[in-house]
Amino acid sequence: MAAVQDGQLNMEVEKDIKTEITNDGSGNINANSSSPGSTSSGGKSKSPAGSGEDQQTLLAVLQFLKRNKLTESVDILRREAGLSADADDSPVSDSAGAGSGGVPNVSADGGDANSLLSRVSIATPVAPPATAPPKVVAASGGEDQPDVNVVLSAYSQQGDPVLYPLYYNGLKKFIESVLDCHRAELSQVFYPLFVHMYLELVYNNHENEAKQFFEKFSGDQECYYEEDLRILSSMSKKEHMKGNETMLDFRTSKFVLRISRDSYQLLKRHLQERQNNQIWNIIQEHLYIDIFDGMPRSKSQIDAMSGSLAGEGKRDANKAKVFYGLLKEPEIEVPLDDEDEEAENEEGKPKKKKPKKDSMGSKSKKQDPNAPQQTRIPLPELKDSDKLDKIMNMKEATKKIRLGPDNLPSICFYSFLNAYQGLTAVDFTDDSSLIAGGFADSTVRVWSVTPKKLRRVKSAADLSNIDKESDDVLERIMDEKTASESKILYGHSGPVYGISFSPDRNYLLSSSEDGTVRLWSLQTFTCLVGYKGHNYPVWDTQFSPYGYYFISGGHDRVARLWATDHYQPLRMFAGHLADITCTLFHPNSNYVATGSADRTIRLWDVLTGNCVRILTGHKGPIHSLAFSPNGKFMASGATDGRVLLWDVGHGLMVGELKGHTDTIYALKFSRDGEILASGSMDNTVKLWDTLKAFDDVELDDFTAATGHIHLPENSQELLLGTYMTKSTPVIHLHFTRRNLLLAAGAYNP
């Protein structure tokens, strides 16, 4: 019972069910339940007896293993099955299973054995201790490595295709007849069962039966699986399954269902009484049932969390400790301030600064208990220019507008007109002085949004003539002849899908369909480095809030962590089942969030490379992420038009904001975290009261353990305003240091 991850239950199920599937040659499937003490021919007995069919199948598997030089596996399997050393060398008879509906013929060349083993991952078994009971042991690799017993059952479970609709219909009628409190939970089984039964029919070349099965039951599935079902319906022949990515996702990842113990016992009892082994085998092989103690969840609670390609996240996946607090800000001496504001009240100035530090969340002298160690990951040291920038930031923050339901921000919208090059990405610098756009014609364009024009550094020859000791040396090194309002950066050989400014405004990152990430200098407006690691389009890239590190993600489903001075990635984060569509660093830079077309969000630990959160609930590919300034909460937007709010510490959904009618490409929290702005392809910007959204949520240990979330239907109460553009989809949002909201998009006439 590798599929059910619950220690106590494992033992119980081992006792209750030891099913062995045999075939009587006429297509009827028989199930024999045996008590732990009895022996059967399913690999529990030392004698090689069993039925002729079992022995033929065993020999075919042995020959396949031998041919692939898996000698250790051959020895263990032969020893466990009680076969003599030369038994597997005897020719395999074609007589076994030749009857209609019987076990398919296996020729000595192992053709069908090959097909069989291509359906399951081969695990090298571990030899049992001498005192172990005589049975085939599974490898120590965990629930995703089936033992030889599973291989055999997967091979022989091709029942009469005519019975598949009867099996499914029988289960459907049973689930519809149970108490309401269990029905919602057990109904989760329908979709993965439907998918795997359909694929099994297609795999075994029962094309007509598969088509009829699909037409009969596809309408029963939840609406949010519509796109998956459309792809599934196009696979009507075995050949279609080869190399199909969706197909691989369904077959290689276990679909996770979270079910209460009472509901699970009901299902188990029903399948035992009906001896419905076809369904039981699929549940064992392809489903991961995450059992919890307590009340079953309601339909609305289940719907809130479901919709991803592989079901819900396992509860264990969200139990790791996440240090979501902010790092302590370095204390900066500010001698320059005295000169700047000498004329103004000198006594008032220090007072202004203290509240400012707190409002930034820069943390006072105390270390935040939820923050990581300052030295947990190496961060770049502050340069003098960084310190100056922080001082400017502090000054700006003293003039910051405090936002709230009664004090909404002004919005400044930057429309890209005549953008026939196809605007695909936008970013603003933190101080809002520059804006950059990535375009489908493979260019990156940078504009100054202040009166200060963009200038290049002078040539090396001219620089040698400059007095390096002068006070205005930084101005003197710039070449006035090159001053212009915008610059175009050439280098990519495909559309540019992601761009990101470094915090110090000296660099710009861009990612492209050509599989590269490029680092550009904003002093010389040239490309400094091309990072090559992805083999397919790179959909997004983002700098760390501290600079130096950056993250990229794309079509190859792997996110990569880079440092600007390394040409190879420092970390590779693998786990998503589809394209990584958006990436974002946590404000403390110790974690990275990735959103994917598999409809999940994952949070990765930069230090260890581990996935520490799997968040499910979106019903479409995720295209935008935003962390609250205090690092405790996250917002995500997707093609389903919903904004979901998450508690990072508990790994739970805490809010759902409905209102947009199209894909949400932009999310941003205000500088104090009181307002969330969302921008969508429906040509609107919406403002939400996140302070109220987060205050309304009460999390306790039980909620965190079981996922019993009660999401209030209060989207309209939280919506503070909707602002429409004439015909411009919103693809980026940015709050200035004074809390003015900047938005950007390309006018779509």
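Any Cβ shown, glycine's included, is placed from N, Cα and C.
Remember, it's a predicted structure, so these values are computed and weren't measured experimentally.
Annotation source TrEMBL lists compositional bias 'Basic and acidic residues' at 12-21 (among others).
Annotation source TrEMBL lists compositional bias 'Low complexity' at 30-52.
Sequence annotations record features per position, and here TrEMBL assigns compositional bias 'Acidic residues' to 334-345.
What TrEMBL lists as compositional bias 'Basic and acidic residues' is 357-368 (among others).
Mean predicted confidence for the domain 'TFIID subunit TAF5 NTD2' (160-287): the pLDDT average there is 81. The domain 'TFIID subunit TAF5 NTD2' annotation in TrEMBL covers 160-287.
TrEMBL lists 1-54 (among others) with the feature region 'Disordered'.
The region 'Disordered' annotation in TrEMBL covers 85-110 (among others).
Summarising the annotation, TrEMBL assigns region 'Disordered' to 334-386 (among others).
For the repeat 'WD' (416-457), same-chain residues at least 6 beyond its ends with a Cβ under 8 Å from one of its own Cβ atoms are 389, 392-393, 396, 463, 477-480, 482-490, 492-501, 503, 505, 508, 510, 512, 514, 520, 522-525, 731-732, 734, 736-737, 740, 742, 744-747. Summarising the annotation, TrEMBL assigns repeat 'WD' to 416-457 (among others).
The repeat 'WD' annotation in TrEMBL covers 489-524 (among others). Long-range contacts of the repeat 'WD' (489-524) within its own chain (CB-CB distance under 8 A, at least 6 residues past either end) are made by residues 383, 385-386, 389, 422, 424-431, 433-434, 436-446, 456-457, 530-532, 534-543, 545-547, 550, 552, 554, 562, 564, 583.
Mapped onto DSSP helix, strand and coil, the repeat 'WD' (531-572) counts 0 helix, 22 strand, 20 coil. The feature repeat 'WD' is assigned by TrEMBL to 531-572 (among others).
The repeat 'WD' annotation in TrEMBL covers 573-614 (among others).
Cβ atoms under 8 Å from those of the repeat 'WD' (615-648) belong to residues 224, 227, 304-308, 311-313, 318, 322, 324-326, 360-361, 370, 578-579, 581-584, 586-588, 593, 595-597, 599-603, 654-669, 671-673, 676, 678, 680, 682, 688, 690, 693-694, 697, 699 of the same chain, restricted to positions at least 6 beyond its ends. Among the features that TrEMBL reports, repeat 'WD' is placed at 615-648 (among others).
Residue counts for the repeat 'WD' (657-689) under DSSP, helix first, then strand, then coil, are 0 helix, 20 strand, 13 coil. Sequence annotations record features per position, and here TrEMBL assigns repeat 'WD' to 657-689 (among others).
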